Amino acid sequence: MSVKGITPQELAGYGIHDVNEIIYNPSYELLFSEETKPSLEGCESGTLTNLGAVAVDTGIFTGRSPKDKYIVRDDVTRDTVWWADQGKGKNDNKPLQQETWTYLKGLVTKQLSGKRLFVVDAFCGANADTRLKVRFITEVAWQAHFVKNMFIRPSDEELAEFKPDFIVMNGAKCTNPQWQEQGLNSENFVAFNLTERMQLIGGTWYGGEMKKGMFSMMNYLLPLKGIASMHCSANVGEKGDVAVFFGLSGTGKTTLSTDPKRKLIGDDEHGWDDDGVFNFEGGCYAKTINLSKEAEPDIYNAIKRDALLENVTVLTDGTVDFRDGSKTENTRVSYPINHIENIVKPVSKAGHATKVIFLTADAFGVLPPVSRLTPEQTQYHFLSGFTAKLAGTERGVTEPTPTFSACFGAAFLTLHPTQYAEVLVKRMQAAGAKAYLVNTGWNGTGKRISIKDTRGIIDAILNGDIEETDTITLPIFDLAVPTALPGVDTDILDPRKTYADKSQWEEKAKDLAHRFVDNFDKYTDTPAGEALVKAGPKL
């Protein structure tokens, strides 16, 4: 079957004119030759590494630029979006006037006009009923490569019938000279228009803006249909039992969901509808700082031809120095999901989840390694999205820095966080799923909970052993803590026992509880949030 491609007239409909050439849904072979052309310079240029993957630099933007994110406020979005300038919660959904949007669109279309363009049509979402058909337009070969890796690649038959629901125009080379007069944050912009179904990118070359941009849009569209939209990894066992893992960076989400006994559904973004859990993506976007073949063989072995490395140091002989974080600690690789062997095939979807795991790395040494959550506690801890890391101070003292990120992904939420919590709990109740809070952080010994014990805890959750054991109630946080689990050091299960003096735990617990309560105050501007206060710590 022939693929129809895209005509200059269609591009003109978006405001892009006089295009020299359209390279439609290029093959990996063509992208490889395009992005490694010797004539390319700066951020456009790709370097071949000895692993077979191409490496690129994203310039000064080595991560997302949340302060430059905007959504057009109009009749469609006015009463649905969780706006940065309304309510108690702080978020990145800054409103944009239609007039400013029109100006930004003019900048991007002018940048893309008269050029040789790459157009990639792809799906966001593995379920045909709810997926977004997205058209990406860019003048940069490796950006086309990035979205080909990260999104779901349609068949020729699907491309022949492809009518996009959403357009992403990446004008990374253009900036906004009028930003100050328009009251914007900088000359760079990542702007969305839900009425026009379009994303505009200017000034930033970071590939993740396209990935997370579409995640933000799924986070708007799906919950309004009663479908859970989740920043999580997911896997499935031999008996078809599905588990989802929520957690912020550094909590062990990727490590713990990569399990030789279970097949990976996906590593980052999922939906949960009437049929079950499904991946939004067709690829993985893994951190590579300090990556080694011994510690993370799956990711290391996925870095081969067709993978795309970002901001890594490549030595003159083509060797990649994964330990070098001089450009950024956020070095990354994108690759198609089929670079991982132990995955769900042919479509990244499975049945309903029966286990929902919230991962936190508590550096305060307060939370138990595992606790069973009630439905109300599930919503409370989902909305809290807590983790903490140890940050060194000038005097060498390490003190915990707490992070609270709603739904373990506040940066990507487009609706009020309570809407995601309500949809998740409804899905869990319909499936009879249970939720657990797993602390991969520290305890009273001053040491981090061992990966051996954490894996034992995850096994006990997945095989049901945790439901068969007695529990005690941990005061202040009111959490149900198991008294014994197979393969797990019993002495660590009650965090109070890891302190020489239990009053030390109590003092730290009260401090952390106050932080939880203060953070949760921002959700009390809705009846749903106010009702959940009693599921939190008791002071």
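For all residues, glycine too, the Cβ spot is worked out from N, Cα and C.
Within the same chain, the residues at least 6 positions away from Tyr206 (substrate binding site) whose Cβ sits under 8 Å from its Cβ are Thr58, Phe61, Thr62, Gly63, Arg64, Ser65, listed in sequence order. Under the DSSP three-state reduction, Tyr206 (substrate binding site) is assigned to coil, being neither helix nor strand. According to Swiss-Prot, the feature substrate binding site maps to Arg64, Tyr206, Lys212, Arg332.
Per Swiss-Prot, ATP binding site is recorded for Lys212, His231, 247-255, Glu296, Arg332, 448-449, Thr454, and the stated evidence type is sequence analysis. Secondary structure from DSSP puts Ile449 (ATP binding site) in coil. Cβ neighbour count for Ile449 (ATP binding site): 26 (other Cβ atoms within 10 Å of its Cβ, all protein chains included).
Long-range Cβ proximity for His231 (Mn(2+) binding site), meaning a same-chain Cβ under 8 A and a gap of 6 or more residues, is found for Phe215, Phe246, Asp268, Glu269, Cys407, Phe408, Gly409, Phe412. The annotation Mn(2+) binding site is assigned in Swiss-Prot to Lys212, His231, Asp268 on the grounds of sequence analysis.
The binding-site residues examined here are Ser249, Thr255; by Cβ neighbour count within 10 Å, the least packed of them is Ser249. Neighbouring residues of the recorded substrate site, listed in sequence order and excluding Arg64, Tyr206, Lys212, Arg332, comprise Gly63, Gly207, Gly208, Glu209, Lys211, Tyr285, Asn330 (Cβ within 8 Å of the Cβ centroid). Other Cβ atoms within 10 Å of the Cβ of Lys212 (substrate binding site), summed over all protein chains shown, number 23. A separation of roughly 16 Å, to the nearest angstrom, links the Cα atoms of Thr255 (ATP binding site) and Arg332 (substrate binding site). Site extent for substrate: the farthest pair of Cα atoms among Arg64, Tyr206, Lys212, Arg332 sits 14 Å apart.
With a 10 A radius on its CB, Gly247 (ATP binding site) counts 25 other CB atoms from all the protein chains.
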